[in-house]
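Comments concern the structure below.
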Amino acid sequence: MPQSKSRKIAILGYRSVGKSSLTIQFVEGQFVDSYDPTIENTFTKLITVNGQEYHLQLVDTAGQDEYSIFPQTYSIDINGYILVYSVTSIKSFEVIKVIHGKLLDMVGKVQIPIMLVGNKKDLHMERVISYEEGKALAESWNAAFLESSAKENQTAVDVFRRIILEAEKIDGAASQGKSSCSVM
């Protein structure tokens, strides 16, 4: 097996959308029912994707809103971003658009690995954002999209596998696009 690769992933989104629950479900395989607002946590996990082992460092950020100032650390050595909203919250869906814009401004790249996640899909009766709305937003960003339920452990692993694939796809395109110069 090839040597493991290290990847750092930031999880961003409005408060109470389930960023920590999704991350803990992936890392520890459990759902945390209580809610304590996150300041910032970092988790690590080994995962194998397509035969390649990855050592993931997951930065579970504090909830952002439209007025939040992004710390510069969210742009340094980050290989991919998971942007999370709740399918039960119009506000979180609107704020994720603002977060995406700020992220692009901060990182300064046209193409960055982004995974848009509509969380809390198990709350059918409270849903206000359709699957189609989430998918359309992700497509407008040229980003991957999944809906998830951290509580029911639906697609938590898929979310993190997918962001790795997105990061590798963009890394591969960037390395192929590099030009070389020869002096003779």
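Backbone N, Cα and C atoms are what each Cβ position is placed from, and that goes for glycine too.
On a predicted model such as this, the values are computed, not experimentally measured, just so you know.
Of the given residue ranges 35-43, 44-52, 71-79, Swiss-Prot assigns the label motif 'Effector region' to 35-43. With respect to Cβ neighbours within 10 Å, the recorded positions S16, S20, S21, N119, S130 differ, and S130 shows the lowest count. The most densely surrounded of the recorded positions K8, K19 is K19 (count of other Cβ atoms within 10 A of its Cβ). Counting in whole angstrom, S16 (GDP binding site) lies 22 from K8 (ubiquitin cross-link) by their C-alpha atoms.
Here D122 (GDP binding site) comes close to S149, K151, E152, Q154: these same-chain residues lie at least six apart in sequence, with C-beta atoms under 8 angstroms from its C-beta.
Residues near V17 (GDP binding site) in space but far in sequence (CB under 8 A, at least 6 apart, same chain), listed by position: G63, V84, Y85, S86, S89, S92, N119, K120. DSSP assigns S20 (GDP binding site) to a helix.
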